[in-house]
Amino acid sequence: MGQSKKLNKQPSSLSPLVQLAGIRKCFDGKEVIPQLDLTINNGEFLTLLGPSGCGKTTVLRLIAGLETVDSGRIMLDNEDITHVPAENRYVNTVFQSYALFPHMTVFENVAFGLRMQKTPAAEITPRVMEALRMVQLETFAQRKPHQLSGGQQQRVAIARAVVNKPRLLLLDESLSALDYKLRKQMQNELKALQRKLGITFVFVTHDQEEALTMSDRIVMMRDGRIEQDGTPRDIYEEPKNLFVTGFIAEIHMFNATVIERLDEQRVRANVEGRECNIYVNFAVEPGQKLHVLLRPEDLRVEEINDDNHAEGLIGYVRERNYKGMTLESVVELENGKMVMVSEFFNEDDPDFDHSLDQKMAINWVESWEVVLADEEHK
């Protein structure tokens with residue numbers, strides 16, 4: 001949808017590390033995971049994305065061994081771990097709260113897991129310091145958690161999780177407690193660390209920006225089911241249904257009715273009361289209801305010189321907001337629908353000199369739209 005966006009690409013030729021087959025889980029008689037199949041590949045950064053209550057954290061806890069499945073099987077590196085206790089799974093989890101021991105130093109927190117595994121004493125110091133160097137905290141080794149910022153505490157939790165070299169690292173909403181600026185910084189650091197370590201990361205979040213920024217692959221969930229599984233670009237550019245479309249980013253959904261098919265790719269349709277050509281890659285019939293999906297950055301507003309020859313949707317500029325690099329225009333269509341248009345700002349372009357209440361046409365480049373069937377009238 002729109003221009004090609006340089007989002008993370010899924011690594012190719014990866015071998016499976018974790019396989020979930022026929023997973024079912026109930027709580028208090030309520031089925032929260034009805035039937036789930038998922039493969040997680042070696043070395044990838046996979047994000048489970050979805051709203052609260054969609055089952056993403058339950059899936060994470062099942063992989064970690066913190067919950068037991070009611071039916072189904074969990075494989076780790078071709079070994080059945082369905083009934084293996086959490087402490088024997090070679091899987092570590094970083095929680096939202098970090099759960100650092102307040103009475104221990106940073107060094108002691110990171111060393112705790114190694115001591116529990118009875119790692120030889122001579123190995124502990126070099127391994128702890130190596131883990132702290134990876135998260136740029138080697139000079140903080142003797143500090144206590146209360147002497148650290150939120151971002152530093154989060155890094156300590158990650159160092160503690162990776163020091164014993166797990167096969168898999170699970171992160172449950174582990175950035176959500178940070179402020180916006182620090183969260184953005186940690187997104188980049190976390191992805192860089194994952195690449196450096198080569199450990200498979202499974203990250204749980206409800207934040208679509210986090211998912212798009214860090215992931216090799218996103219698994220979009222709703223009601224315990226997978227709605228879409230793909231690269232960030234797949235999810236953003238080619239959403240499979242209206243749920244994914246509405247969740248992943250701000251988007252406009254225009255109602256359309258098929259008039260006729262023009263050729264293999266294009267359909268003539270009535271879109272919000274105006275005839276337009278749209279690209280439709282599935283069979284349609286005259287009169288069929290569709291949804292045309294376009295993001296604010298895919299749209300352009302143009303002055304109307306002749307109403308009879310104007311192309312696109314017609315409306316009136318109601319608001320104009322300067323955002324530095326972009327200019328956002330709120331246009332009210334003739335049918336009352338409000339549409340946000342976001343364009344790169346160019347003060348030398350006379351087309352940007354719109355006045356409030358000016359009559360304008362909204363257009364887009366053909367094929368930038370995503371068209372879905374109306375799910376209520378299939």
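Glycine too: its Cβ is placed from the backbone N, Cα and C atoms.
Since we're looking at a predicted model, the values are computed, not measured.
Positions annotated as domain 'ABC transporter' by Swiss-Prot, on the basis of sequence analysis: 18-248. Across the domain 'ABC transporter' (18-248), the model assigns an average pLDDT of 92.
Following the DSSP three-state reduction, the secondary structure of Thr57 (ATP binding site) is helix. Positions annotated as ATP binding site by Swiss-Prot: Gly50, Pro51, Ser52, Gly53, Cys54, Gly55, Lys56, Thr57.
Sequence-distant contacts (6 or more apart, same chain, Cβ under 8 Å) of Ser52 (ATP binding site) comprise His206. For the binding-site residues Gly50, Pro51, Gly53, Gly55, the largest tally of other C-beta atoms within 10 A is found at Gly50.
In terms of local Cβ density within 10 Å, Lys56 ranks first among the binding-site residues Cys54, Lys56, Thr57. Residues Gly50, Pro51, Ser52, Gly53, Cys54, Gly55, Lys56, Thr57 make up the record's ATP site, and a Cβ search at 8 Å around their centroid adds His206, Met221, Arg222 from the same chain.
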